[in-house]
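Participant: Please read through the structure below; I'll follow up with questions.
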Amino acid sequence: MDTLLSVQGLSSGYRHLKVLHSVSLEITRGSVTAIIGPNGHGKSTLLKAIAGLLPTWTGVVMLDGTALPAAASERARAGLTLVPQGDQLFMNMTVEENLLMGAYVRTDAAAVKRTLDDVFTLFPRLHERRGQRANSLSGGERRMVGIGRGMMAAGKLVMIDEPSLGLAPLIIEQIYGALNLLANEGQSILVVEENPSRVAGVASAFHLMDGGSFAWSGSAAALARSSDVLKTYLGG
Amino acid sequence: MDAAIQIIITGLTLGAMYALASVGLALTYGTMGMFNMAHGMFMTIGAYASYSLSSAFGAPLPLALVAGICAGAISGSLLHLLIVRFMLHTEDFQTTIMVATAGVAIALQDLILKRYGAYPFKQPAQIEGSFRLAGTAISYQSIVIVAMAALLIGALAWLLTYTKFGLAIRATAMNQDAAKLMGVRTERTYLQVIVIAGVLASAAGILISSLAGLSPAMGTDPLIRAFIICVVAGLGSVTGAGLAAIMMGLFEAAISYYIGARFGLPVMLGLVVLILIFRPAGLFGRMEVVRS
């Protein structure tokens, strides 16, 4: 197994409130891993802590065998990309400027241009709207910009926080279609979703988060067999 | 007709100086939520630095100007490295940094008072002479002031709009966390922003002192005006601050001409109250309207 990301005993939280209790996680290169579970149990907190937006209280985060520095900017430069919940776009910038910000640390202009073309191929809608400001886009278009901006970093691992949040079913299908394409190209992805049915077709490894730690972990096949566990946590 | 030209020339000169003074203030506020009470001291330091150089060493005007601007840049970076850096992650940064920079401003003003005394000096860096346009005398001094302001602010606008450096500053201003996730080293961005503010403010200080002379408290009045301009424009709006500054300069020149110089500031303040009643977010500020 070729491990890309290794998280060991990670604890973190907000101010004095501990949310993550010694979480450990391994991600294989080129795979899609999903973290599922009810709201308010630390899924987004885990992604923020891995990205360095929240301080690590205990534990280590290693990418490609080296321990990552604490600052979020340095982790991004090391190849860890987070597509945050609610997109967090640069609202007064155009779509194209937002996408170029995604490639901020890359220096090879020709390669950046190629990735930009890839993003426009994946989301033709963004090409139509590339001169438009982000604050004039619809929710689905914003999600596309968020994911496209994540692609622009050409990072080793892309972490996506609730890609389906607040979108109409038709748009969710489009977004997941895009994620599928990315996964087929060999992009390593860590995705967080409340509802496992959305990610069941894409991910190969699953972790169920409850109360700040993993209550259940397993493969796609194991998930299919463990409907009882899921019902207990997520309701039927 | 003569009066109109005179008012426009005076107004543009005032406006150019106000713009230099307020654009940096707007940029620091817009990027990092820091209202820099020591911003006026950048002006004082710039003015005194170029005064010292030209009076002590007889340095020519351009050199004194560059030295003053460098002094502003150095003061800006010191302010960041010695104080702001350590306060960035404290709670209520916006409030505490105002108090801290106010303290710095008072301390620096006293140091200048101790070193140079309270007696006002004439800025030796002067440009003499004037020419006549349509019967109105226009001093070369005014032309230089307007040209310098246009050059510096134009350079800033170009930097913010077309360079990667500027893109990072704008990104940090719009969404700090997202900027970090893109790999922007935001603390370095803050340093750069304060240095830019120091450069613009010290240039403003030198120009203001060339008209009004030097005194330890010379930065206070322009700071108040810069603050008013930023509020009128909408706090944090950089382009707005530039435009509002020109408007305020023209307005003040007209008031001074028709009513009297001492009514300039009070009438300006009255205007601000009116603007804030009808447009609480400022002329160019937008209430965060996000379609969702």
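Each Cβ is built from the backbone N, Cα and C atoms, and glycine gets one as well.
Quick paste of what TrEMBL says about this protein:
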type     : residues  : note
TRANSMEM : B:7-27    : transmembrane segment
TRANSMEM : B:63-87   : transmembrane segment
TRANSMEM : B:93-113  : transmembrane segment
TRANSMEM : B:133-160 : transmembrane segment
TRANSMEM : B:190-214 : transmembrane segment
TRANSMEM : B:226-251 : transmembrane segment
TRANSMEM : B:257-278 : transmembrane segment
Participant: Out of B:7-27, B:63-87, B:93-113, B:133-160, B:226-251, which stretch touches the transmembrane segment (B:190-214) the most, going by CB pairs under 8 Å?
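Facilitator: When the Cβ pairs under 8 Å are tallied, B:63-87 comes out ahead.
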Participant: With Cβ distances under 8 Å as the criterion, find the stretch in B:7-27, B:63-87, B:226-251, B:257-278 that has the most pairs with the transmembrane segment (B:133-160).
Facilitator: B:7-27
Participant: So if I exclude everything within five residues of the ends of the transmembrane segment (B:257-278), which remaining residues of that chain have a CB under 8 angstroms from its CBs? That is, six or more out.
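Facilitator: Sequence-distant neighbours of the transmembrane segment (B:257-278): 3, 6-7, 10, 224-225, 228, 231-232, 248, 251.
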